[in-house]
Every structure is written in structure tokens, then in C-alpha cells.
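Take a look at the structure set out below.
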Amino acid sequence: MPGRVGRLSCDFNAVRNHHISAKEGDVVEIIDLDNGYAMIRRDDGKQGKIPNYFVEVMTDVSSDEETSKDVEMPEIMGSVSPIPEMATFKAVVPSEGTLFPGSLPYFIEELMGKSIRCGDTIELDAQIGSRHQFGMKWKYPDKGRETVVISAPSDNGHISLVMPNSTKHDSGHYTVSIANEFGKAVSSCWVIVVSQPSPPVELKFCVDPSKPRAIRLKWTPPHDKGGSRLLWYTVEYTKPEQSDYLEVIHGIKQCGIRISHLRHDVYTFRVFAFNEYFRSAPSESVTVDAKDLECMLEKAKLNEMSRKLGVQLIKASFAECFEVEHQIGRGRWSTCRQLRCKISGKTFAGKYLPLNDTELDKIGNEARTLARLRHPNVVGYFGTALCSEQVVLIMEKVPGLPILTFIIECGFLSEALMQKFTFDLLSALTYLHTKGIAHLGIKPEELLIETTPVKQPNLILIDFSSAEHFDGPDIMNTSHLSVWQGGSVEYLAPEQLAHRPTCKSDIWAVAVLLFVLATGVSPFEDPDGEDDVSRRRILEGEIAECSAKFREYKPDLLGFIAKAFVVEHKDRISATQAMSEPWISNPQSEELFMVDHIEDYCDKRRDRMRSSFLLHEV
Ligand SMILES: Nc1ncnc2c1ncn2[C@@H]1O[C@H](COP(=O)(O)OP(=O)(O)OP(=O)(O)O)[C@@H](O)[C@H]1O
């Protein structure tokens, strides 16, 4: 047979188009070797491909004499690239190698990765086989290393590499390649040379409120893990009267622990890192004076709550600063109490809001809004404090009554007084709106009339729990009704019902209030109390029929109300425009009139609120 000749080492059945089947022992012509395949021609002249390890080459390798010599690496055929500087060895066919009887070199035992202690000897071994003379080359990470003992393959195919006095530079990828003229086999593994890790860093502690007298110790892993992937920590402590450190915990993987039930002592902690062979030097120590734990906990709670609320809380202890006196009001969310400053004796209003995680945003929003405001018709704000499980908004105490209670207690009203209250409210709103803040909760309970013996009654706007900040456009999408008014929509503008409140929504509420003061009738309320009907009326701007009650007032009032009750908020009058309305800017009649109609309205409203459990108390 011309050309290179090979013999099939076992049967091969063609499974693809370009394959050709052949039987064990068939002698075939090898036309080409390419990409792991041998192109062969059978005796019958048919040709096709066969994986080259099925073909045992018979040319050039027939004599035992030749294979037993150390020869230069022969030319390598096909896709197998020659390996330069490769030492060559005679063929080795270990008895176990019969499982893989082709012409390619092969590994009976591959290299195995390991981790060893720095300084120890690295020993790697494998077992190989090759029916033909072959070359062998080792590769290791430290190319400049002087002492490397590489043994020639034993008769049974055992090969080994020995490196004494390992250093961290010997960590890495080790490869041994063997190649003969038919192909190449490679085995590789990782060797990790483990050295001493550096100590953990940034050891810190903080108080932990979840357990009694507890702290949390935290640290950062060492910069150098000593080449190991494994790392554990041991925490130790000492006290002034102790001569040495004692173990708190050993062998933890995480970079932090909680230590609870600390005594009233001074503790010093340190941490060690260790890997499978070495322990690091100790970390820098941290000292905890556990006598101050309660105080530290208070501060920690305060900081945590400040962060959650987005408000700087008053640092001083609430109980040390204030005497808590009688209740001055109650809302749906809160109780309002009179507070007396223990130092100055001054009184304040403290709005107590329970600390409920879902309400934190709302509470924070109210405090932040109040903190931005300073206006004679807006309640003054002094700060927010934490008092046991409640947040307390500390405000100016308004000495007075909600507007309707005030009017009923007076027993009379004048158009001039109505105008004064409206003016006060509009100047507060103009101020808010120019700051991009909408109150969105205007209703009689939030309008306190401050009465002092010397001054005219003054209207003060309170309760910013529904306020929204309009940083961009004057419309906001909210998933909730921006205010809940005892289950009623009485003071809500059409766009609030559509969950798109604007600053102009406040002007609608002002007009509802004026309408009530003038007529004793709620402008959109269904007399039968049907909420759906009231909503429809608001959306359509359909005002209740009660014109007779308006006869006593100037038509300017009606004109003003009409400009505020515009369903489309863009066309509604703004707070600034309202300030220059004739009814606001011209003097109004001082003539007093009875307020039975307002009393009736209050009775009805109280009944309605009672049934929906919103009852403001004064
Ligand atoms: N600064 C203050 N001075 C005097 N009284 C006040 C003050 N703040 C609140 N009040 C009283 O406490 C009541 C409840 O306060 P506020 O309306 O702020 O609570 P709320 O829980 O937010 O009410 P709402 O149910 O309307 O949301 C008020 O109606 C008022 O009577």
C-alpha cells in the first residue's frame, strides 16, 4: 500500500456523512491527518474520515530499537502543533493503558490540584501512556525558579514534578503536555501555596438594639489572604483586670458578630484571621465601655430614626426637656398634647405620632414640610423628638379653637371677619404655593383661630400630614386620595378625586369653606349622604341650590367663589390672584349676623364624622 499506513485499533462505525467504517485490524492508507481526524483509504478504494485515535500508524515506528532511543521530537503531523524545547522519551504503554489503545498519547492519571503550606515541597504526579515516542513539557507559574526536579517517565508511565521550598510565587496553574506525532494530551491543575494572611482591618462596633446590652463587632477581611480561598476569624476579648485575651468565638466565616449581655465593664476586642495553615497577627483592637451602652443605644436609635424619617431629631432627651401636660386635640393619626419646656416654662404643642414603619414616610414628610415654613399664618415648628415608641412634632401651641368652634362660641360673624380669615388663609397658601408646597388637607379642623386679648383673631394653618412638594410640574400623581376627610370628599377638588392634586386644589377647599360659612350648606354634599352623588357633583362642579342664603352678602363674594369652583384646575384662580379679588381687597361689612346655619352644619358634620370615627377634640 503506497503512502503512510495504519492499522485500526478497534472497530469504527461511520455516524456522519464524511465518516467511513472500518474493522479492528484493517490496514488502511492514511491520506491526511487533520483536526483530530485521519483521512483514510480502505483496501476497496473507498475513502473517508475516522477519528485519528482509532488508527495506529505503522510507518516509521515499527522497530523497538528506534522507540527505545531518546530522539529528537519527530515532525508532528496534521493539526498538532510541535512543542518547542520538548524533551522526548521512548514509548510507554502501561498495562492499564490498554483501555485507550490508539496512537495518541494519553493520561491514565491526571494531575491533581492541591494547596500546600508555604515552604513545603510541591509534588505533582501523573501517569501517562503513549504507543509512540513522545515529547513532554511541564509549565509552572514561577518561570525563573531554579530548583525544579522533573522526573523522566517510569516504565509504567509515572511522571512527577518536585519543587522544594515553595513560595507564594509558586501558586498557580501547572500543566504537563505530552505529544507524539499523532497528537497531544494536556493535564493541568492549580496549586495554591498558602502563606500567613495579614490581620483583619477596620474593626468597629455599634450598639445593637435587638438584644439586651448588645453590640455588633464588624471588620473588613485582610488585604492579603495568604493565597488561600478559605478564611476564618477568631474574636478575642480582654478586660482591664484580665492578664490575657480570652476567646469569644472561634472559626466563624462572616466578618461580624453580635455580642449580647455585656456587663458594666470595659472590654477590648481583637480579631485574628486564619486560613488552613496560618493565623494572622491580631487586628487593631477596639475598646467598648459597656457602662455607656444605654446612652449609646439611645443615640443609635435616634440616628437610625433620623435616617429613616429624613429629619434631624432633637438630640437631647425628650423627657429631660419637656413636661407632658393635657391633651389639646386629637386627629386620625395623632394625639396633640401641651408640652411645657422644663427650662423656659414656655408651652408648646406636641403632636404624637405612633412609630409605625409604614407611616415613617408620611411623618418624615410632615416634619420636613413644617421645617421649611415660617409664616405668621402657618403653625411654627421647633423640631422633632423621639419619645419611647412615638415621634413628637414640637410646634408652637396655637391658643385658640378650630374655626367653626370659634365662630359658634362667638355666636355671630361678620362679612369682614370672614374676609379676614380668608385673607389669612390665602396669604398662608400663597406662601406655601410659591415654595411648591400644596397643603391638600384644608378643612375646618386644620384652621385654628388664635385669640389674644390684644390682637384681632388670627387664622393659623396646621396639619401638614397631607402636604405634597411640587418640585417639577404643578401636578402630582398619587396613588392615594391626598387627604382623607372622615370618609368624606367634602373639601376635595375634582383633580384630587382623580389622584392628581395640584396647588390649586387648596383654592377649591377655600371656596368650600367660604360657601359653608356663608350658607351653612356643604356645596357638593348630597343631602342623603350618598358619597357617589357628592363625587359626581364635585367632578361636574354642580353646586347645591341655596342662593337665598347668599342675599345678605356682597356679590363680590359670589364672584370669588365662582372663580374658585372651576372644575378644570388650570382655569381656576390661584392663591396670588385670589388675594387681589375685590371681595378680598375691598373692606367688607362689619355688621354682625347670627350663625345658626353654621351650628346646624357643624351638628350634621359631627354626626357624619362620628360615623366615620374622625372626631377632632378641643
Ligand atoms: N399647634 C397646635 N396648637 C394647638 N392645637 C393643635 C396644634 N396642632 C394640632 N392641634 C390640635 O390637634 C388636632 C389634631 O391635629 P392634626 O390635625 O395635626 O392631627 P392629624 O392626626 O394629622 O389629623 P387628621 O386626622 O386631620 O389628619 C387639631 O385639630 C387641633 O385641634
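Cβ atoms here come from the backbone N, Cα and C positions, even for glycine.
As recorded in TrEMBL:
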- 1-60: domain 'SH3' (DOMAIN)
- 199-293: domain 'Fibronectin type-III' (DOMAIN)
- 322-584: domain 'Protein kinase' (DOMAIN)
- Lys351: ATP binding site (BINDING)
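Lys351 (ATP binding site) falls within a strand segment according to DSSP.
All protein chains considered, the CB of Lys351 (ATP binding site) has 27 other CB atoms within 10 Å.
Confidence in the domain 'SH3' (1-60), given as mean pLDDT, stands at 77.
Applying DSSP to the domain 'Fibronectin type-III' (199-293) sorts its residues as follows: 4 helix, 47 strand, 44 coil.
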